[in-house]
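Now, the feature entries from TrEMBL:
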TRANSMEM  A:12-30  transmembrane segment
TRANSMEM  A:475-497  transmembrane segment
TRANSMEM  A:503-521  transmembrane segment
TRANSMEM  A:556-573  transmembrane segment
TRANSMEM  A:610-627  transmembrane segment
TRANSMEM  A:634-653  transmembrane segment
TRANSMEM  A:673-695  transmembrane segment
TRANSMEM  A:772-789  transmembrane segment
TRANSMEM  A:810-834  transmembrane segment
TRANSMEM  A:854-874  transmembrane segment
TRANSMEM  A:889-911  transmembrane segment
Amino acid sequence: MEARWKKWCPWGILLLHGLAILMFTKGFLLTRTELPYYSNCSDISVSPCLSSPDANVDNHSSGHLENAKQDQHCWSKPAVDRLVIIILDALRFDFVAPSAFFPEKKPWMDKLPVLQNLAFTQGSSTKIFKAIADPPTTSLQRLKGLTTGGLPTFVDVGNSFGAPAIVEDNLIHQLVSNGKRVVMMGDDTWVQLFPDHFNKSYPYPSFNVKDLDTVDNGCNTHIFETLYQEDWDVLVAHFLGVDHAGHIFGVDSAQMIGKLEQYNQILEKVIETLVRKSEPGGLHENTILLVMGDHGQTLNGDHGGGSAEEDGKKCVSSIQQLDFAATVSALLGIPFPFGSIGSVNAELYALAAGTWNWRDLDTSNQKHQSEMEKWMKNYVNTLCVNSWQVKRYIDVYSASSIIGFSSEDLAHISNKYAELEENWSHSIRNLLTCQTESCSLVMAQITKQVNLYLDFLSHVSELARSKWTEFNLKMMGIGLGTMILSLLIISLAIWSMPTVSGIGFESIFAFLVVVIRACSFLSNSFILEEGKVACFLLATTGIVKLRYSIMRKGMLVEAILFLLLVLGLRFTIEIGMSKQAATSAFMHASSSWITGIALGDSLWGYAAEVGPLLVLVVLSCIVYKVITGNFQGIQKYIIMLTIPSYILIGLHWVLESDTQNLPLLFEGIGRNYIPQAIYALGCSQLLFLAFGMLFNEDKVADHKNSLMIKTLSMLSAWSPMIILLSGKQGSWIALASIVGGYCITRLQNTGKYANGGKARTSSFNLLAVTQWNLLAVCLFFASGHWCAFDGLRYGAAFIGFDEFVLVRQAILLTLDTFGFSLILPVMGLPFLLLGLNQTNPGKNVLFNQLSQMYMAYGLITATTVTATILCVTIQRRHLMVWGLFAPKFVFDVVGLVLTEVMICLASLFYFRRWVVL
Amino acid sequence: MRKYTLPFWALAFSFYSTPVERRLPILFSSPWPSPSRQISAACPTCYPPKTSEFFQALKSFCFEDFILWCRGRRTIIETPAALLLYSHFRRDTETYSFLRAVGRGLCAFPIGALIHAALAIVLGAPVGSWYLLKTINWSLLMSSLTIVPVASVFGSSWRDWQRVFARTEPNDLLEYMLCIPAHGAAIGAWLGAWPMPLDWERPWQEWPICVTYGAVTGYVIGLSASFCVACASTGARRSRQKGD
């Protein structure tokens with residue numbers, strides 16, 4: 001009866017933690033409420049602004065505005081007829097223009113000279129902007145931000161691979177509902193975001209990161225014929241190659257340079273076509289071309305975070321990405337999206353009228369001056385509409401959302417706006433409509449009003465930026481409280497089990513280590529250096545163990561071996577962190593000696609090729625030696641399958657390392673079939689084990705041996721897949737985990753006999769479980785991961801597969817990320833028990849110990865996660881909350897849930913036969 | 001018993017005679033300039049360094065005026081003093097001469113430094129040519145605080161070493177004086193490493209400055225604790241004698 005209750009214990013904990021995490025996440029990662037309202041042309045009549053300023057201002061519509069039909073006047077006077085948007089995904093600003101980020105010139109800089117030439121030769125009609133994106137910088141978030149003019153929130157990152165349609169009011173919706181025809185080509189994310197909006201679309205699959213050319217070639221074939229056609233108003237071309245080249249090869253690579261050169265050619269051709277057709281009355285007489293990146297990328301080609309490199313996309317004057325939707329709407333004369341909080345950017349808006357450098361113009365030039373005045377009047381009216389629209393949105397938003405802006409902030413906004421409106425209604429509006437000569441004297445007043453509007457708009461967007469994440473403190477509190485409560489419950493449950501022995505120095509020390517690690521998460525610095533902290537604590541436990549082994553005069557070799565292992569882990573972690581520092585805005589790039597090694601000469605490269613293979617041989621030998629021990633029956637053959645898997649991994653690596661020398665056939669086999677074969681072998685091993693457990697009902701006398709066989713077969717089934725996904729470092733890390741696990745298992749017995757040499761039977765060692773956990777954390781960092789989305793090794797998801805299938809690739813990525821740090825440690829935990837000095841315990845004792853050990857392991861993980869949650873709650877207004885704390889939170893929470901799922905599976909697998917009766 | 005309290009008083013005097021604010025920097029006293037951390041270029045305004053007057057004063061005192069004239073002197077003075085004092089109170093006075101005890105201490109000096117350096121590197125002390133001399137300096141200091149006195153007193157008696165360091169079972173006052181400050185220094189150094197990753201951009205966060213501060217603080221606390229133990233045990237003994 002009691003055993004049955006214990007069997008469900010892990011599931012209960014999982015459920016409890018799942019609930020707590022769900023509650024907290026709901027409070028913490030709240031999205032902005034999306035409003036179901038849409039802007040309409042007729043809304044303008046409610047605003048204080050002029051519906052069509054030039055109807056009164058200038059009767060003689062001049063120059064290139066003649067074509068603009070009066071009925072298309074909606075919110076603002078259309079300034080252009082057609083719009084070509086070319087999006088180069090992950091375009092770094094320094095691809096286009098030199099930037100001050102690096103002191104010296106890098107090979108990837110200035111690779112799009114065509115844009116620079118245009119900007120500097122044709123003067124007034126071309127300009128380069130540095131666009132500043134808000135984090136999170138993933139494509140989906142940026143596209144959403146670009147088209148809605150709002151601030152996408154952190155939660156949407158999770159949707160990035162699923163790309164749901166945008167239901168909020170957005171630019172594309174406005175274009176379509178105002179009769180503009182939109183053509184789209186390139187990244188198929190657009191079609192997923194806007195399923196029914198495009199007149200014509202040429203989508204290409206975007207998720208195969210290894211494919212640099214499909215999307216770009218697709219764009220290339222369609223863009224030129226489309227440019228000659230008349231049946232569209234807005235053309236969107238989204239090129240992906242640079243993003244993919246960055247993900248796979250990094251910024252500083254030949255592939256990246258090649259892609260950029262290709263883009264340069266395409267852009268040259270596009271511009272040539274546009275220019276050829278731009279004669280008066282031509283197809284592109286009044287067309288604006290926007291070449292932009294949706295986000296940047298870091299040096300190793302990843303993005304998703306909030307580092308300065310990623311946010312800065314292309315230019316010189318800067319433009320907030322928020323402003324894109326409003327500015328484009330104003331240019332085309334359509335209503336601004338309802339939820340847009342951006343402002344109409346003066347310089348971009350002025351480009352269309354050719355007056356962007358009006359400040360520099362000779363004021364004595366009458367023609368220029370009148371042009372400029374006309375533009376200013378138009379612009380001030382546009383800003384009036386813009387401010388009115390933003391104010392309307394803020395009002396509606398705070399009315400419909402319970403926790404919106406604070407009342408002081410709202411009052412402040414209202415006051416500011418009322419002041420603006422009064423000034424507008426009493427003076428400016430009249431000035432705009434007056435037609436006498438005296439009007440020219442009021443330019444100063446208009447300029448002042450423009451600045452007031454811009455000030456108001458930037459104030460609102462700043463406020464929105466700072467307040468947008470609406471934390472639901474009640475939900476967060478409930479979640480946190482449940483977590484803390486669950487910790488108490490687990491502690492009590494462990495305590496109440498019969499096998500617990502008294503509290504010794506080791507237990508207190510282990511408790512202290514866990515608490516210290518948990519407390520370290522309260523500071524952002526320690527989160528950044530989490531790997532080092534874990535390693536420091538692991539080394540401390542190792543030193544304590546060394547002290548014990550000197551005290552007991554035994555296992556000195558194991559203690560020293562363990563410290564050497566920690567030393568190795570420490571250097572590996574530092575190398576991983578130097579990788580992180582290269583991409584992170586928060587970290588110092590340090591340790592010059594590491595780069596000295598990492599660069600390496602041919603000998604080092606040779607060692608890096610051969611070393612992993614040798615280690616694989618060692619691993620195979622270990623497996624072989626284990627099999628030839630005292631193994632019988634079907635388990636032996638299941639474990640045996642691991643050796644061919646290792647051989648296949650070796651073959652795969654050899655084929656990958658020099659593909660040039662091999663015929664194409666072998667290349668294909670090496671790239672995809674071998675990994676697939678390894679996955680198939682691993683899955684069949686797991687299936688055999690599962691079925692074997694269901695049907696194999698033989699009674700064993702030696703429970704210890706039976707448990708060992710089960711554990712070994714489980715580990716050998718998982719390991720080939722995880723090693724393969726981790727790449728060449730995988731075999732080293734597998735070896736490290738075997739050595740570490742062996743040392744911990746051996747060393748746990750040194751602390752015994754503390755008082756007078758009497759062995760306490762059947763007490764599990766809390767310190768050893770803590771060490772096991774710390775080793776797992778160290779392995780996470782040593783295998784080149786860190787708790788940020790750019791710390792995911794996306795390449796691992798495409799080992800063995802070329803196409804993107806959400807579930808499959810997500811599983812592979814999870815296996816890579818948590819394989820060594822979570823799956824193997826949890827599955828291998830019974831070894832700790834088997835290493836205890838105890839003579840053949842009964843099955844109930846063994847079961848109790850094992851479940852206790854698993855609960856202790858879960859408790860340690862849950863404690864650190866609770867600390868993370870607490871820290872996130874405290875630091876929720878911290879500058880780095882989205883850059884650092886939230887990713888850490890997501891990683892920890894996913895890790896906890898996965899740990900507990902694995903514990904449940906392990907308890908099903910290891911305990912089943914004991915609990916049947 | 002009185003003779004065992006003598007080295008304690010001598011050492012304590014040598015510590016307490018220097019004003020407290022001078023004590024810490026002298027002991028560490030790196031002759032190499034500390035690399036001033038650069039404020040993160042990407043995010044210079046993340047943490048505006050707070051110009052707390054206390055830190056300013058401490059910084060200028062520790063790194064500008066003081067280090068200049070007393071670099072390295074304390075380790076040079078401290079080590080021979082400890083060596084001679086503890087050698088005087090060597091065990092096995094009959095078999096070992098005073099000079100031999102000094103010799104043992106001198107031998108143990110680099111060996112202890114090596115052990116400390118190795119453990120520090122395992123724990124995460126920075127490696128590289130820039131830090132090499134700093135690590136040597138620090139580990140020599142640690143050695144003079146922990147290993148050298150014990151080596152002078154016990155020599156190569158492994159049982160005694162094991163008793164004092166691994167099992168922490170000191171028997172008499174002298175062993176208390178060896179054991180508690182040494183443990184204090186080690187624990188203090190361990191605790192002193194914790195501020196190192198913090199982004200406060202203080203020069204004292206560099207390896208091994210704060211670790212040294214921690215070690216010295218721990219040593220002083222250990223010394224005081226052993227003094228208390230000494231007082232308590234002599235007091236107890238006296239009262240017992242009175243009772244007899």
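Cβ atoms here come from the backbone N, Cα and C positions, even for glycine.
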Cβ contacts the transmembrane segment (A:12-30)/the transmembrane segment (A:503-521), at least three under 8 Å, sequence gap 6 or more: no
Outside the transmembrane segment (A:810-834), six or more residues from its ends: residues with CB under 8 Å to it: 161, 704, 707-708, 710-711, 714-715, 718-719, 721-722, 725-726, 730, 733-734, 737, 741, 744-745, 748, 764-765, 768-769, 772-773, 775-777, 779-780, 783, 785, 792-794, 796-801, 846, 849-850, 853-854, 857, 894-895, 898-899, 902-903, 906, 910
Selected stretch (most C-beta pairs under 8 A with the transmembrane segment (A:475-497)) from A:503-521, A:610-627, A:772-789, A:854-874, A:889-911: A:854-874
Other parts of the chain folded back onto the transmembrane segment (A:889-911), taken as Cβ under 8 Å at six or more residues beyond its ends: 7, 10-11, 13-14, 17-18, 21, 25, 28, 689-690, 693, 707, 710-711, 714, 787-788, 814, 818, 821-823, 826-827, 829-830, 847, 850-851, 854, 857-858, 861-862, 864-865, 868-869, 872
Residues of the parent chain within Cβ reach of the transmembrane segment (A:634-653), under 8 Å, 6 or more residues beyond its termini: 612-613, 616-617, 619-620, 623-624, 626-627, 670, 674-675, 677-678, 681-682, 684-685, 688-689, 692, 696, 709-710, 712-713, 716-717, 719-720, 723-724, 728, 731
